[in-house]
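*Asks:* I'd like to ask some things about the structure below.
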Amino acid sequence: MALHLSWVFVFGILGNAVSFMVSLAPLPTFYQIFKKKTSEGFQSIPYVVSLFSAMLWIYYALLKKDAIFLITINTFCVFIQTFYIVTYFYYGPKKEKIVTVKLMLLFNVFGFGVIFLATYFLKNPSLRLLILGYICMAFALAVFVAPLAIVRKVIKTKSVEYMPFTLSVFLTLGAVMWFFYGLCLKDMNVAVPNILGFIFGVLQMILYAVYKNHPKKTVEESDPKLQLSDHPVVVVDVAKLGSDVNAVIPNSTNSNNGGRTEGNAFSKV
């Protein structure tokens with residue numbers, strides 16, 4: 001039993017550390033926004049979704065009662081994603097501010113509110129946790145599909161400039177840490193989504209190895225339909241999932257289960 005708890009502690013700490021760094025990845029983007037005094041060219045949805053993911057995982061962890069590391073990383077994600085959204089809103093053009101408010105109302109008010117009301121008042125605590133766990137797992141799995149757009153873009157353009165290798169490594173490491181954390185807790189809602197996160201992380205690193213020395217080819221030359229703006233793509237770490245879509249990174253792919261955020265991440269689970 002003591003050995004079991006020690007491994008939960010080890011993987012929880014490592015998962016928090018990796019997801020913490022992934023959550024800070026968008027800071028250069030917001031430094032750019034601060035310098036230019038405009039958020040034009042970026043989108044707020046990755047940060048809104050990452051915040052929603054973190055809220056879900058905190059709610060789940062509080063009901064579960066023995067998942068303190070999901071609470072710690074996702075609490076941090078709530079603060080950092082809120083900072084990103086406020087900064088974006090402050091410097092965003094009027095049209096983008098309206099879009100951001102609508103997204104916040106849809107995900108963080110209406111979406112979370114419906115899930116909370118639909119589960120919290122269930123009389124059977126086990127059933128409540130089971131349903132909420134399935135919701136968190138389904139959302140985390142959906143978030144991990146986000147990198148497919150970047151994978152397709154890399155293959156089409158034969159360029160890895162949109163997929164930083166360091167980010168891919170950290171997202172893969174995060175998926176491994178949160179998978180074993182969920183496994184040690186015997187919580188498949190945390191473990192299962194990170195299997196997909198690990199697979200996509202390895203795929204990204206393989207693509208990087210294949211195309212890293214390939215001559216750059218612009219998106220327009222490859223396929224005009226693939227043109228993407230320079231805004232970040234959501235990525236969630238299942239435990240933050242987190243932290244964020246899967247976390248979120250400009251010009252890259254969304255954790256933690258327990259979150260999951262940026263980069264691949266969403267979220268950090």
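Each residue, glycine too, has its Cβ placed from N, Cα and C.
Since the structure is predicted, the reported quantities are computational estimates derived from the model, not experimental observations.
Feature list, courtesy of TrEMBL:
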- 250-259: compositional bias 'Polar residues' (COMPBIAS)
- 250-269: region 'Disordered' (REGION)
- 6-33: transmembrane segment (TRANSMEM)
- 45-62: transmembrane segment (TRANSMEM)
- 68-91: transmembrane segment (TRANSMEM)
- 103-122: transmembrane segment (TRANSMEM)
- 128-150: transmembrane segment (TRANSMEM)
- 162-181: transmembrane segment (TRANSMEM)
- 193-211: transmembrane segment (TRANSMEM)
*Asks:* Applying the under-8 angstroms CB criterion, which one of 6-33, 45-62, 103-122, 128-150, 193-211 scores highest with the transmembrane segment (162-181)?
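*Replies:* Between the stretches 6-33, 45-62, 103-122, 128-150, 193-211, 193-211 has the largest tally.
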*Asks:* Under 8 angstroms for C-beta pairs, at least 3 of them, ignoring pairs fewer than 6 apart in sequence. Is the transmembrane segment (103-122) in contact with the transmembrane segment (6-33) by that rule?
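*Replies:* Counting Cβ pairs under 8 Å (6 or more apart in sequence), the transmembrane segment (103-122) does not reach the transmembrane segment (6-33), since there are fewer than 3.
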*Asks:* Please determine whether the transmembrane segment (128-150) and the transmembrane segment (45-62) are in contact (criterion: at least three Cβ-Cβ distances under 8 Å, sequence separation 6 or more).
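*Replies:* Judged by the Cβ rule, the two regions touch, with the required three close pairs present.
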